[in-house]
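Visitor: Sequence annotations record features per position, and here Swiss-Prot assigns compositional bias 'Basic and acidic residues' to 88-99. According to Swiss-Prot, the feature compositional bias 'Polar residues' maps to 119-129. Taken from Swiss-Prot, the feature domain 'J' applies to 34-99, supported by sequence analysis. Summarising the annotation, Swiss-Prot assigns region 'Disordered' to 88-129, 212-241. Per Swiss-Prot, the feature transmembrane segment maps to 156-175.
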Amino acid sequence: MPPLLPLRLCRLWPRNPPSRLLGAAAGQRSRPSTYYELLGVHPGASTEEVKRAFFSKSKELHPDRDPGNPSLHSRFVELSEAYRVLSREQSRRSYDDQLRSGSPPKSPRTTVHDKSAHQTHSSWTPPNAQYWSQFHSVRPQGPQLRQQQHKQNKQVLGYCLLLMLAGMGLHYIAFRKVKQMHLNFMDEKDRIITAFYNEARARARANRGILQQERQRLGQRQPPPSEPTQGPEIVPRGAGP
């Protein structure tokens, strides 16, 4: 009879140690019950405050910090769900109405479990897709998206090269056109100057001929100069025949 007493005591002793049960209970009590508690903001926080709190928490709970810790992934998904609800005005108003009406909304953990179950039955999604879905301008980079982005980059590069070649061609054509216009202008100017010079030279020749004719005419009208008359010779005295 006495030897059976320790066996009965072992059967009555709980399988889980009290410390483990207390830790689990404390973990359940410490787990946030609302999205505001999960993000660490008050219910009257602005959208910018919610965004800053999400960024701060996401750095701490991102799965890439400790890939071997599965709890980080679930907590990060809960955080993303809380940010998705509280960052949009309509969903946040509906969530606040549920809190005020007394009908308890789904806790972050329940919502995450429901979404996880739905995702297991649906098609596979890349990791951190829910995290990247919070931002409209950023998307997860899968192999197909990278190939598509690479193809788009090639197209943009081709368009840039075509524009550059077209610009060089237009620049060359414009340069040739301006050069031709300048040559035509200089030729026209040279033609005008040459014509003016030839006309002035012809006038000078004509004026020279007229002057020569006038001189000849004036020379014919004037009489030749008369010789001076000699007076009577004076014979000196003593000179006789």
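Glycine is treated like the rest: Cβ placed from N, Cα and C.
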Visitor: Per-residue pLDDT averaged over the domain 'J' (34-99) comes to what?
Guide: 87
Visitor: What are the DSSP helix/strand/coil residue counts across the domain 'J' (34-99)?
Guide: 51 helix, 0 strand, 15 coil
